[in-house]
Amino acid sequence: MEDSLHSSTPTSLQHLLDHREGTEREQHGANTKPHKKLALLPLVFLIYFEVAGGPYGEEPAVGAAGPLIAILGFVVFPFIWSIPEALLTAELATTFPGNGGFVIWANEAFGPFWGSLMGFWKFYSGVINLASYPVLCIDYLKLVIPALSSGSPRFVSIILSTCTLSFLNYSGLAIVGYTAVALGVVSLLPFVLLSLFSLPKIDPSRWLSWGQEGVERDWTLYFNTIFWNLNFWDSASTLAGEVEEPHRTFPKALLSAGLLTCLGYIIPLLAATGAMPLDQKSWVGGYFADVAEIIAGKWLKFWMEVGAVLSIIGLFEAQLSSAAFQLLGMADLGFLPRIFGERSRWFNTPWMAILVSTVIAISMCLLSFTDIISTVNFLYSLGMLLEFAAFLRLRRKFPALKRPFEVPLGFSGLVLMCLVPSVLLVYVMSVASKIVYVASFFLTSLGIALYYFMNICKSRKWFEFSRVGDKLDEDDYVL
């Protein structure tokens, strides 16, 4: 069967990997050292920053629905959303270990149109999300430097911070991975200390509060907050081609990042809500820093604010890595011109993909944070519905395919596993605003138009494309 994999159509996964290796040799020359693959620990923290980056940002869930419902959300939501998405990612990323991740899955399940549309949906959601991080970073820094609050100093600082962080990403994925480890440890430590200092002051009855009288529940804010804090588990799949032994590393990394994320959310939330009398309207973004000052002193508040900036840097780096390597994967698959797959001679990173992602993120930085998050959630939901469908389709289409990691459920169990989060996705989409519907419709139409435009470019040879974009033959998978 190994021979058939190597002698099959030029669109097989093996040809895709061979094409990438050949392209890298062509770009780098014979004397260039092979690039270093991602090991387990940096991959764990890259996934962690793709999804969470720490408890920063979970405060509005308490403000929107009260302590009890917020706690239940961060306990229950991982089981109905995070675990199914992580299991799906572990199976498909180890079965199709190439850059492009979910683009490859949709392409194999439903064909190039849906593969391309999946790529554009996820890329849009990724780079729009990317735009929010420098804005948040400057929002924290303006507490120290008031001049950054508005006007040209604010705008220039956002652009400079975006470009500086993008250059770090350009310097190499291994460097970004180990930077993520350091950023994760330093940004989580103040929450560990907050939890320890809170222990003597905790009153468990405060956890059972349904919220203050007279404060209406904001379900849209509640679900958007939890959803935004616990999604993007599949984003690291676009890095699968850069991971050392992905069939072993990916499942371990997803499990470790899942535990770190869930504990990182629930323990500080229990500590803060249990130790503080409820003032529900105060539970907005950044309130953890105020709690830290009340419980431990100004020194912990300062550390937490510094940790917030470091966490935002980690979120930016992880998200940019995913978006850039997704474009590289789409170029490898022939959905985008080959130039998007070109790598730097010095750092082996996809320089054009990083540049394009950075420029789009800068252009989006003037949007409000609320509009950014709502649009990201909507586009991401569209992509995830297609992803669940692709997962089930591939299980049916290739039942004999060797899967290094396989979700231990029959087909009916898999349908149920995907159905519950799909209902949640539809709900999140149904409560979106008119602006979000219009923006999502425009971006979806743009993605469809780009698919057909790329086909015209191929037929007329306006740009050079990799010729590996069709689906795999079914015979390639019979083992």
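The backbone N, Cα and C atoms fix where each Cβ goes, and this holds for glycine too.
Because TrEMBL annotations are produced automatically, they should be read as predictions rather than curated entries.
Annotated compositional bias 'Polar residues' per TrEMBL: 1-14, in sequence order.
Among the features that TrEMBL reports, compositional bias 'Basic and acidic residues' is placed at 16-28.
Taken from TrEMBL, the feature region 'Disordered' applies to 1-33.
The transmembrane segment annotation in TrEMBL covers 38-56 (among others).
Summarising the annotation, TrEMBL assigns transmembrane segment to 62-81 (among others). Within its own chain, the transmembrane segment (62-81) is flanked in space by residues 206-212, 215, 217-219, 221-222, 225-227, 229-231, 258, 261-262, 265-266, 269-270, 273, 278, 280-284, 420-421, 424, which lie at least six positions past its ends and keep a Cβ under 8 Å from the stretch.
Sequence annotations record features per position, and here TrEMBL assigns transmembrane segment to 88-107 (among others). Counting residues 6+ beyond its ends, the transmembrane segment (88-107) has Cβ neighbours under 8 Å at 13, 16-17, 20, 114-119, 122, 233-243, 246-247, 250-251, 254, 325-326, 328-330, 332-333, 335, 383, 386-388, 390-391, 394, 401-407, 418, 469, 471 in the same chain.
The transmembrane segment annotation in TrEMBL covers 176-199 (among others).
What TrEMBL records for 253-276 (among others) is transmembrane segment.
Feature annotation from TrEMBL assigns transmembrane segment to 308-330 (among others).
The annotation transmembrane segment is assigned in TrEMBL to 351-370 (among others).
Taking Cβ pairs closer than 8 Å, the transmembrane segment (376-395) reaches residues 85, 88, 91-92, 95, 102, 105-106, 108-110, 114, 117-118, 121-122, 124-125, 128-129, 132, 224, 227-228, 231-232, 234, 401, 411, 414-415, 418, 421-422, 425-426, 428-429, 432, 436-437, 440, 443-444 in its own chain, all 6 or more past its ends. Annotation comment: TrEMBL describes 376-395 (among others) as transmembrane segment.
The transmembrane segment annotation in TrEMBL covers 407-429 (among others). Long-range neighbours of the transmembrane segment (407-429) within the same chain, counting only residues 6 or more positions beyond its ends whose Cβ lies under 8 Å from a Cβ of the stretch, are 80-81, 84-85, 87-88, 90-91, 223-224, 227, 377-378, 381-382, 384-385, 388, 391-392, 395-396.
Residues annotated as transmembrane segment in TrEMBL: 435-454 (among others).
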Legend entry - Top partner of the transmembrane segment (176-199) among 38-56, 253-276, 308-330, 435-454 - counted as Cβ pairs under 8 Å: 38-56
Inset, instruction - Look at every Cβ pair spanning the transmembrane segment (253-276) and the transmembrane segment (38-56), keep those 6 or more apart in sequence, and say whether at least 3 of them are under 8 Å. - result: yes
